[in-house]
Amino acid sequence: MKKRNIITYVTLVTLIFITFWVALTNGASHFSIFKMNATQLNTIFNIRLPRIIAAFIAGAALSVSGAFFQGALRNPIADPGFMGISAGASLFQFIGALILPSFLTGQFLMAFIGGFLSLFILVHFQPRMNPYRLILIGVALNATFTGIQEVFPVSQGRSNISLSTITWTSTFWLVILGIIGLMAAIIITPWCNYLKVNDTQLGSLGISASHLRSGLLAVAVFLATTVTVSAGVILFIGIIIPHIGRWLLGHDYRHLIPFSILAGGWMLLFADTLGRLIVQPSEIPAATILIIIGGPFLIFILSKQPQGDSTNATS
């Protein structure tokens with residue numbers, strides 16, 4: 001492994017431990033983890049710890065999802081939030097909750113249907129060769145799905161799904177499904193590098209480009225939907241982390257995906273922790289922090305992207 005890669009991973013692990021410690025011991029009240037009473041112990045175990053774990057897993061899942069979307073669609077600004085995947089999952093989860101309010105598994109299944117429906121619409125319009133068209137279609141899908149959900153008065157409570165309201169039950173499902181999705185991503189990662197060549201060359205190697213892309217997209221939708229059901233819609237992290245990974249480590253997915261897992265997990269945990277600390281006793285949602293960071297980042301990416309070229313940043 002290159003020295004630069006080692007330094008990158010060591011730095012990431014260090015940041016993760018520091019942020020974890022700060023998140024665990026700070027918030028509306030600060031206390032030492034080595035000297036706690038029963039109330040403080042309950043705060044850590046039932047409020048902060050599930051939130052910390054959920055933030056890390058969600059960030060890792062969204063980052064890998066974004067990297068897979070960008071590779072499969074050959075579009076540098078592909079992100080499950082922008083493309084309407086998360087909004088579709090949220091709408092169908094809401095429908096599932098209306099039909100079967102006590103059946104959590106059914107809500108997950110409905111959310112997966114919504115995520116894959118959004119993907120089907122995107123693929124139907126074939127936006128992969130034009131990143132600007134992807135944004136337009138994604139915005140339209142987001143607006144449509146969100147508008148439909150807001151028609152129902154009872155949806156206002158559902159829209160509050162976020163890291164700040166997460167419970168151990170939601171965290172449990174997020175961890176189980178998130179790890180399954182991340183393991184699938186790691187298994188399929190070596191094949192991702194084949195996307196650097198065109199479909200004709202892949203065919204000559206005996207590899208089906210459509211099957212490979214379908215596999216990547218399926219894992220990407222699964223990860224994004226899992227996060228949406230448990231932690232709500234979170235934008236930009238699927239764009240920011242994969243791009244930083246390519247700048248630091250190159251375009252080899254065998255390095256990009258592990259980096260995305262660690263860096264994505266840290267970034268969402270950092271954003272959530274920062275949001276809890278800067279306006280105490282209130283807090284700023286992690287999704288809002290990421291929008292503030294991600295907006296200028298997206299403008300920078302678009303300004304550096306040659307018009308009509310959507311392959312250089314992802315291959």
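Glycine residues also receive a Cβ, built from the backbone N, Cα and C atoms like all the rest.
Under the heading transmembrane segment, TrEMBL lists 7-29 (among others).
As annotated by TrEMBL, transmembrane segment applies to 49-69 (among others).
Annotation source TrEMBL lists transmembrane segment at 81-100 (among others).
The transmembrane segment feature in TrEMBL is assigned to 106-125 (among others). Nonlocal intrachain contacts for the transmembrane segment (106-125), taken as residues 6+ away from its ends with a CB within less than 8 angstroms of a stretch CB, comprise 80, 83-93, 95-97, 99-100, 133-134, 137-138, 141, 145, 173, 177, 217, 221-222, 224-226, 228-229.
Annotation source TrEMBL lists transmembrane segment at 132-152 (among others).
Within the same chain, residues 53-54, 57-58, 60-61, 64, 68, 71-72, 74, 104, 108, 166, 202, 205, 207, 209, 212-213, 215-216, 219, 222-223, 226-227, 229-231, 252-254, 257-258, 261, 315 sit at least 6 positions outside the transmembrane segment (172-195) and bring their C-beta atoms closer than 8 Å to a C-beta of that stretch. According to TrEMBL, the transmembrane segment annotation covers 172-195 (among others).
As annotated by TrEMBL, transmembrane segment applies to 216-241 (among others). Beyond its flanks by at least six residues, the transmembrane segment (216-241) meets 54-55, 58-59, 61-69, 71-73, 77-82, 85-87, 89-90, 93, 107-108, 111-112, 114-116, 119, 159, 161-163, 166, 170-171, 173-174, 177-178, 181-182, 184-185, 188, 192, 195, 259-260, 263-264, 267-268, 286-287, 290-291, 293-295, 297-298, 301 of its own chain at Cβ-Cβ distances under 8 Å.
Summarising the annotation, TrEMBL assigns transmembrane segment to 253-271 (among others).
Listed as Cβ neighbours of the transmembrane segment (283-302) (distance under 8 Å, sequence separation of 6 or more from its ends, same chain) are residues 55, 76-77, 131, 162-164, 232-237, 239-240, 243, 267-268, 271-272, 274-276, 313. Taken from TrEMBL, the feature transmembrane segment applies to 283-302 (among others).
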Self-check item: Listed stretch, out of 7-29, 81-100, 253-271, that has the most CB pairs under 8 angstroms to the transmembrane segment (132-152)
Solution: 81-100
Quiz item: Do any residues of this chain, six or more beyond the ends of the transmembrane segment (7-29), have a C-beta under 8 angstroms from a C-beta of it, and if so which?
Solution: 40, 43-44, 48-49, 51-52, 55-56, 248-249, 258-259, 262-263, 265-266, 269-270, 272-273, 276-277, 280-281
